[in-house]
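Taken from Swiss-Prot as is:
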BINDING   29, 91, 132, 460  (6S)-5-formyl-5,6,7,8-tetrahydrofolate binding site
DOMAIN    227-383  domain 'TrmE-type G'
BINDING   237, 256, 258, 261  K(+) binding site
BINDING   237-242, 256-262, 281-284  GTP binding site
BINDING   241, 262  Mg(2+) binding site
């Protein structure tokens, strides 16, 4: 994206979805000081409300000076500062379809040398630069547009309403209060009694708990928006493909009694309990000299690294043996994992070793016995059991800055513990406040802002 825009430019773009190609209405948005005049050049209207702010009126798009009309439109005018961008904004509501809306946009641009096509996210960027929204609200708008499920949309909308900023400002105000007390002591030390380190540490602990809760929620709501990738891992013929078919409610993978039937990765996207999940069926892991099967097994280990969650499946008929233990040792310790003992219908569960039962979900995939328990276990281990308590969506940028702030606060603990110079507390608190300010967009470079908004769609 180009460098930060100036209000000398007037920008235009299609603001409605056109990927399907057809629709009842398509919208062109125009923003800038020439927005109204540029639209007047291509619109003919007899409405008495024409070009008044916050009025909708009817008009016709004129292709040339011979009064050839190509579409009948509704025009909505929003004059500065009472618009999304804070500038003069005009919206042309055309008939839907790629052909007509592209033609209207082309006529608008060709008749106005001071109007150019908007860059991705440029309308939202102008709204941010003009103080109409903070950066978290702008990002939440983009998140809302790209929401993959209803719960993700709810979280994004809370950000649009300013809920992220409220939480960040609350933490920031706590730190500002601590900073004021410390800097007053540094500047006017003779006017203060001994500093109450215990009280300070208690206050900072409360702030850290707020940040840690936000960070923990950020990891959970990433699952809500992006989904949980779940790899089905195990030896051959333990029921991985059967479990994939059960969860998908249709036959996605071939199931036979022949070991090594699944030789490649099969992925299925599902939504379970309003949470998107990608179930990945992998080749059974075993010693083999068959080249194609070996490639599939290598891919299985690759999917272990890529996935958020591992379901390790073994056969209760065979029991959990040394070969299973060896495979599980290859799974990184930080991975979320649950162990599933399949084929419970073929054995007497009373004969299973009690230590084995402690960490195993018993299931008969063939008889659909245990599916609910498996799903509940996945949701619980991913921290999504109380998903209704997660009320904002935090992205990776927010998480990075929150983690940096938490690191600053941990450093203040070390300063006190090691009896380092008192003014170092002030430095760390200032850095922590600055990291929080970056979240809402108060401490960001132009280059970083450009990068953030370039990920938005063109009409937003």
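Cβ coordinates come from backbone N, Cα and C, glycine included.
A map of Swiss-Prot features onto the structure.
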residue	record	DSSP class
29	(6S)-5-formyl-5,6,7,8-tetrahydrofolate binding site	strand
91	(6S)-5-formyl-5,6,7,8-tetrahydrofolate binding site	strand
132	(6S)-5-formyl-5,6,7,8-tetrahydrofolate binding site	coil
237	K(+) binding site	coil
283	GTP binding site	coil
460	(6S)-5-formyl-5,6,7,8-tetrahydrofolate binding site	coil
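Every protein chain considered, the tally of other Cβ atoms within 10 Å of the Cβ of residue 240 (GTP binding site) stands at 32. Distance between Cα atoms for residue 241 (Mg(2+) binding site) and residue 283 (GTP binding site): 9 Å, as a whole number. Between the CA atoms of residue 132 ((6S)-5-formyl-5,6,7,8-tetrahydrofolate binding site) and residue 283 (GTP binding site) there is a gap of 53 Å, rounded to the nearest whole number. Mean pLDDT for the domain 'TrmE-type G' (227-383) in this predicted model: 79.
Non-local neighbourhood of residue 91 ((6S)-5-formyl-5,6,7,8-tetrahydrofolate binding site): 15, 27, 28, 29, 30, 75, 76, 78, each in the same chain, at least six residues away, with C-beta under 8 Å from its C-beta. Distance from the CA of residue 283 (GTP binding site) to the CA of residue 460 ((6S)-5-formyl-5,6,7,8-tetrahydrofolate binding site) is 43 Å. On a Cα basis, residue 283 (GTP binding site) lies 10 Å away from residue 237 (K(+) binding site). Taking every pair among 29, 91, 132, 460, the residues recorded as binding (6S)-5-formyl-5,6,7,8-tetrahydrofolate, the greatest CA to CA distance is 18 Å.
Within 10 Å of the Cβ of residue 241 (Mg(2+) binding site) there are 23 other Cβ atoms, across all protein chains.
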